[in-house]
Amino acid sequence: MFEQTFNEDDVAESDLVTRRGTFRAVAFRADGHEHMALVYGKTKLRENVLVRIHSECMTGDIFAAMRCECGEQLDAALNTIVREGSGILVYLRGHEGRGIGLVDKIRTHVLQDQGLDTLDSATSLGLPVDVRDYTPAARVLRHLRVQSVRLMSNNPDKIAALEENGIPVTARVPSLMTPNPHNIAYLTAKRDRLGHDLPQVDSFTLPHAR
Ligand SMILES: [Zn+2]
């Protein structure tokens, strides 16, 4: 029913010593992209494995852009996994700008700086709002023989996508970053228009303009 394994050619793994500790780095090819699962501690054949499925965001993840909360979520997820002693971070490529790609994502930033939100800036360029595919994440979790997951996410669509692909989600673990003046509009649109569960957005007040 589901694609169970990868061809030997399409997967490789090694230890990866990081500043946070030693992970198992599992690189794999799926759907024309090369992705990575970072595995910490014992997760094989386990239930309720703590998992973050992180969509690539070069601006946020690598350059610490404050326009979104991706970089902070990535750091927080890895910290939480290490603190718990086990878990998996699946880093999915090809997910820039919810799947539109890096160049078009940067084009949407221009429109966002003129006042359009994260959805309207995409649709006004004729681009889709969200075309991310989570099946590579489900495939690698099956490959790693994870039985069920606690998913670090605020996005109900991601839970549905995993379950449709045969990975039971036993709990959702919120991943709530403190908003800043540069991402509050983005977070508000995600809450109000994409259905993400972001209660911390309610309590944010912009610093007084002088
Ligand atoms: Zn981002």
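Every residue gets a Cβ built from N, Cα and C, even glycine.
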Residue from Gln73, Gln200 that TrEMBL also lists as binding GTP with Arg52, Ile53, His54, Ser55, Glu56, Glu96, Gly97, Arg98, Thr118, Ser153, Lys158: Gln73
Cβ atoms near Glu56 (GTP binding site) (within 10 Å, other residues, all chains): 21
Close in space, distant in sequence - Ser153 (GTP binding site), Cβ under 8 Å, 6 or more apart: Arg52, Ile53, Ile159, Arg172, Val173, Ser175
Recorded positions close to ligand 1 - of Cys57, Glu96, Arg98, Asp130, Arg132, only those whose C-beta is under 6 Å away: Cys57
